[in-house]
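Report on one structure; see the data block that follows.
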């Protein structure tokens, strides 16, 4: 009987890659159907970067101002755009033309750029294949399948990459490859060190060399041409202000609202409150706003807050390094950055929501947390991924030998009445913004829907911030 069971397990193991390929193929078909859909200004941003990197010498990439969409991504991504530019002339030469291509959105350009995003998602496919068997976690077949579903069919990635237009699937794929390497103990590939003093020092030197080579490849040419200052000023545009035009639902939403409320109250009490130099809800990226009452927040303050929020996790990692918990820790670190960071974009939520999809299969509490956060950050979709509900079925108790698992807390349903109330409230906010406000208020208070969504999601985000580390 045992040989038969083992044979069935081996057959199931071999079939897993086929399941992943089927999922990825289906997701690719969905992405192809989205090609003619709406795209944001980021479409022109990336088209211009493609043209810029192919038309100008490297030392002018971060100083050119032909377009308002100046290059502000790290050099390795600029090299990636340069690689894509090699293929653009075969489809339409004007795509990669620095001047004639400005605001060029012909069907050929749309098709080419959409296909580059779809093709770059192969990196995400490779990352998913590496997560099939996570060392020491006893990952069952159904858990592996569930993780694949949550990653390959992530509504956030579909919206941001294949509608809005970005390359987050490609970049997050690299992140997950690195995380999986650390889980396997492949320090140099994943980028971690550890062990005893002597062994740890040796690994530190090796890792330092590898990291140095990567930085050398990325920044070396710009250092040679004396362009490092230009690169850093573009990569860290602190002049854009504390908040992005579309507020990320983080701590600073409450800070802004409190400042505005205090300004109104103090004005009514007879105090002279100067008006802000710019509006936080103006919608113009690049405008920096001052506060009317509360102290001005600087980039240094946000950096210190992020570091302070991360410190419990960092201390725990230092005292007790456990590679199999790296995915959870990465999610926690990105969460801290999202919560207190400077000029945070909403798309930054993908950096912790996607890793949490992997953690979600470990316990009902993790599944609940992922479920609510993923919905909170894809609130514009009506049909969301609810596959995490499977996490409450057949969850086996695992041993504590470094598995990183967490105990079930109370059992029960996936989200409970509190979570259901939150989802219903989110639906109410959307109904107000999409239907009731235009009917009741017309063109007045155009910032209100944005503010309500940001504040409402920020409340849920803060309540879920206690990611187990």
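Each Cβ is built from the backbone N, Cα and C atoms, and glycine gets one as well.
Listed ranges 20-39, 40-59; the one TrEMBL annotates as transmembrane segment is 20-39. Checked against TrEMBL, the range among 275-296, 297-318, 319-340 recorded as transmembrane segment is 297-318. Annotated range for transmembrane segment in TrEMBL, selecting from 65-83, 84-102, 141-159: 141-159. Of the listed segments 181-203, 204-226, TrEMBL assigns transmembrane segment to 204-226.
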